[in-house]
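Visitor: Structure below; questions to follow.
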Amino acid sequence: MNKQFQNNINILFVCHGNICRSPLAEYLLRHLVQTRGLSDSFHIASAATSREEIGNPVHRGTRAKLQALGISTAGKCAVRLEKQDYGKYDYLIGMDRYNITDMLRILGGDPDGKVSRLLDFTDHPRDVADPWYTGDFDTAYDDVLEGCNALLDHILSQKPYFSKKSK
């Protein structure tokens, strides 16, 4: 197994094209774990269920939301979810129910219960708003931030090791 995956909590965010919502979640969660001093304990990435945007950079709307926080996405290009990703990641997080359907098809199922929607970790489970269709990156950002905070809280509550480190 690749060294970056060993002894880490490994999280893969997934959306249709890997240029809007999943990289937004990837970089926001990286930022959240960094502010808690936990970066060395996490490996966070993102991928697409489709091939349409492979190799393309993060969408300008997502880049703008992240740049406003001082977060750069330089060098990030869309990649596709692969069947072998199931064995590498502890959490495979889709943005909406359509992503989940596509993820399960690509992965060949979810025998270990690793696949879920991001906002299923919140008190208000729902799909993350898709700015590709609406151009509304503010709502997508709010949804993703809510989901990332809830996901991180969930992970930290499941791992006693973190209770000492995150304080």
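Note: Cβ is positioned from N, Cα and C throughout, glycine not excepted.
A TrEMBL annotation is a machine prediction, not a hand-curated record.
Keep in mind it's a predicted model, so treat the numbers as computed, not measured.
Look at TrEMBL and you will find 9-154 tagged as domain 'Phosphotyrosine protein phosphatase I'. The active site, nucleophile feature in TrEMBL is assigned to Cys15. Annotation source TrEMBL lists active site at Arg21. Taken from TrEMBL, the feature active site, proton donor applies to Asp130.
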Visitor: Do me a favour and check the Cα-Cα span between the residue listed as 'active site' and Cys15 (active site, nucleophile); whole Å is fine.
Guide: 6
Visitor: What residues, ordered by sequence, lie under 8 A Cβ-to-Cβ from Cys15 (active site, nucleophile) and sit at least six positions away in the same chain?
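Guide: Once residues fewer than 6 apart are set aside, Cys15 (active site, nucleophile) is near Arg21, Ser22, Ser46, Ala48, Thr49, Gly94, Met95, Asp96, Asn99, Val128, Asp130.
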Visitor: I'm checking region-level scores; what's the whole-number mean pLDDT for the domain 'Phosphotyrosine protein phosphatase I' (9-154)?
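Guide: So the average pLDDT across the domain 'Phosphotyrosine protein phosphatase I' (9-154) works out to 98.
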Visitor: When you measure from the Cβ of Asp130 (active site, proton donor), how many other Cβ atoms are you left with inside 10 Å?
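Guide: The Cβ of Asp130 (active site, proton donor) has 20 Cβ neighbours within 10 Å.
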Visitor: So how many of the residues in the domain 'Phosphotyrosine protein phosphatase I' (9-154) end up helix, strand or coil by DSSP?
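Guide: Taking each residue of the domain 'Phosphotyrosine protein phosphatase I' (9-154) in turn, the totals are 67 helix, 24 strand, 55 coil.
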Visitor: Other than its own, how many Cβ atoms are within 10 Å of the Cβ belonging to the residue listed as 'active site'?
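Guide: Other Cβ atoms found within 10 Å: 33.
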